[in-house]
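S.K.: I have a structure I would like to understand better, so I am pasting it below and will then ask my questions one at a time.
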Amino acid sequence: MKALSIPDVLAEVAVLVRPHFGKGKPADYIPQLATVPGGKFGMAVRMVDGDEHVIGDADEGFSVQSITKVFALGLALNRLGDEIWTRVGKEPSGTPFNHLSLLEAEQGVPRNPFINAGALAVTDVLMDVTRDPAALVRDFGGFLCGERLEIDPAVATSELAHAWQNRAIASLMRAKGTITHDPEAVVAAYCRQCALSMSCRQLARAFLPLAAGGFSPIAQETVFPERLTRRLNALLLTCGIYDSVGSFAYRVGLPAKSGVGGGIVAVVPGKATVAVWSPELDRFGTSVVGTAALEAFSQITNCSVL
């Protein structure tokens with residue numbers, strides 16, 4: 001990563017992404033997300049040495065959605081270790097994040113923990129240790145960013161009311177024995193988890209352990225073993241952006257996780273985390289402007305790991 005002025009880099013990125021506004025649209029299958037203005041844009045960079053830089057709407061909270069899957073997986077791995085991989089795989093899916101056909105063909109075992117089926121399996125695991133896995137994920141995210149976080153009840157209600165595909169996924173996995181709890185309870189917990197609200201600044205802080213070998217500069221303690229940190233980053237690089245992960249790796253070259261709320265968090269191992277938010281999505285469910293911003297940031301700073 002080049003030693004550049006990060007504020008200058010962010011200012012340049014903000015100019016470079018302007019032509020990309022209007023090329024996507026906010027998620028409309030969760031009605032509450034469809035109400036967010038498409039022109040929003042925020043970006044935050046947090047260095048492992050403590051420097052922090054933001055631009056635009058970086059302090060505005062938004063629905064982080066699937067980005068919470070990283071927190072949930074970290075919790076499950078810290079509690080179960082490699083046993084989690086008996087319930088979910090580690091391979092890219094090559095199919096949409098809420099697809100059923102591959103899950104049925106592979107006997108109810110999800111390809112990876114970042115598609116919806118995999119995240120539901122992780123939620124089922126967390127239900128073995130807590131009655132409220134969404135609150136556990138919320139509190140873990142708050143611990144990592146050093147602030148109290150909230151689940152948006154309006155988003156949670158909207159999401160659960162339209163979660164028919166996730167109900168089908170959970171029911172299939174229950175029939176195959178991948179999950180052990182009531183499918184409706186698993187889906188309800190998962191929808192609440194996804195309704196967590198965070199800002200770009202908070203996300204950049206929360207993901208710092210993945211850039212710092214498992215150590216959280218915010219909490220001032222080791223959150224993940226270094227070996228686990230490497231493995232989480234490997235999963236983010238290969239599975240974090242759904243079925244456009246190859247294109248994202250080609251353009252950006254960083255481990256990252258996206259969410260249909262328009263957020264993306266990327267990790268520059270040993271250096272920094274970068275969080276970006278813009279609600280207009282491409283056909284894969286990833287922020288159009290966010291991807292362009294991370295591509296520009298990666299090229300300007302030469303921070304790609306590839």
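For all residues, glycine too, the Cβ spot is worked out from N, Cα and C.
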S.K.: Look at the substrate binding annotation in Swiss-Prot, where N116, E159, N166, Y190, Y242, V260 are given, and name the residue from S5, S66 listed for that site too.
M.R.: S66
S.K.: Quick one: largest C-alpha distance among S66, N116, E159, N166, Y190, Y242, V260, binding substrate per the record, in angstrom?
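M.R.: Result: 19 Å between the two most distant Cα atoms.
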S.K.: List nothing but the one residue from Y190, Y242 whose Cβ has the fewest other Cβ atoms within 10 Å; the candidates are the binding-site residues.
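M.R.: Taking Y190, Y242 as the binding-site residues, the minimal 10 Å Cβ count falls on Y242.
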S.K.: Within 10 Å of the Cβ of E159 (substrate binding site), how many other Cβ atoms can be counted across all chains shown?
M.R.: 28
S.K.: Provide the number of Cβ atoms within 10 Å of the Cβ of V260 (substrate binding site), excluding the reference atom itself.
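M.R.: Taking all protein chains shown, V260 (substrate binding site) has 26 Cβ neighbours within 10 Å.
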S.K.: Measure from the Cβ of S66 (substrate binding site) and count the other Cβ atoms within 10 Å, all protein chains considered.
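M.R.: That number is 24.
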